[in-house]
Amino acid sequence: MMVPVRCFTCGNVVGEHWEEFDERSNEGDEDPEAVLDELGVDRYCCRRMLVSHTDLVDVVSPYQ
Amino acid sequence: MSEEYDVEFVEREDREARFLVRGVTPAFANGIRRAMVADVPTMAIDTVRFIENSSVMFDEQIALRLGLVPLTTPPEGEFVEDDTVTLSIDVEGPDTAYSGDLVSNDELVQPADENVPIIDLKDGQRLEAEADAVIERGKNHAKHQGGVGVGYRHLQRVEVVDDLPEFEEQESQIVRGVIEEDGELVSTTEFDHDLSKRYPGKEVRLEDVPNAFVFHVETDGSFTIEELVTRAADTIEARATELEDAVQL
Ligand SMILES: [Zn+2]
């Protein structure tokens, strides 16, 4: 639904990077690896939080 | 404590640092690590009263998200257990509610990160809530965990054993962390974690420096690295004193 606030594994706050990551590598055409490096999301546990996330608010909101 | 420890920073930023501690036992190093993760109290939202929530998420889901937002934690002694700080949030759609929209009634307790999306609100949806933040320890809930990804490695010493035979191809020798070279600390990132790049044509041997540990510490923004480490040491002292008092006749 919404991006998790923290990484499930290590507890690092990853939510704050979602919008920039989404804009640059999902909407844009930048390399996700480079974007994550630049955002300072170093560990792979935190990286998968952003890479594997899909926003579902738009999908479920019509059924409210 | 009478013993002195030698602490030397290798990298130092606001929320991330790498430092070397000499003269501690492995047990004490691990004690510090565990204290940083589980025993340093931080502020986090614990109770949320919803006035209106017409978003696509349930109250309890939003309460969890609010709880996970790191809050700046006031200096030691400023707050004790059971003290609360009230934060309120009021956002109307179409808009996104961010952690930065939380309004605190205490200047010392503020969201440490302002860009965490809480909930995406569509047209006509609204989130209005009041939350109480409490000070607690990481062992009770991960939201109170101030230290993130805290770990340590032995400091390594490199010893050049011999020259490699002239026509032998050198294999890469990977090492991560920090190595000591004639008293100088060198992060392995400087040579791509590969000793064969640092010592071409040499046969080298690595060994742990006894009782020297390189800590890597990050915080979630509740406080600085210095605060986290000193508070962790303080909690160990407090527990040791408690134990001493308890076993005294
Ligand atoms: Zn992580």
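Each residue, glycine too, has its Cβ placed from N, Cα and C.
Here's what TrEMBL has on this protein:
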BINDING   A:CYS7, A:CYS10, A:CYS45, A:CYS46  Zn(2+) binding site
Near chain B - the binding-site residues A:CYS10, A:CYS45, A:CYS46, filtered by Cβ distance under 8 Å: A:CYS10
CB within-chain contacts under 8 A for A:CYS10 (Zn(2+) binding site), separation at least 6: A:ARG43, A:CYS45, A:CYS46
Chain-internal residues, separated by at least six, CB under 8 A from A:CYS7 (Zn(2+) binding site): A:VAL13, A:VAL14, A:ARG43, A:CYS45, A:CYS46, A:MET49
Per-residue Cβ crowding (10 Å cut-off), top of binding-site residues A:CYS45, A:CYS46: A:CYS46
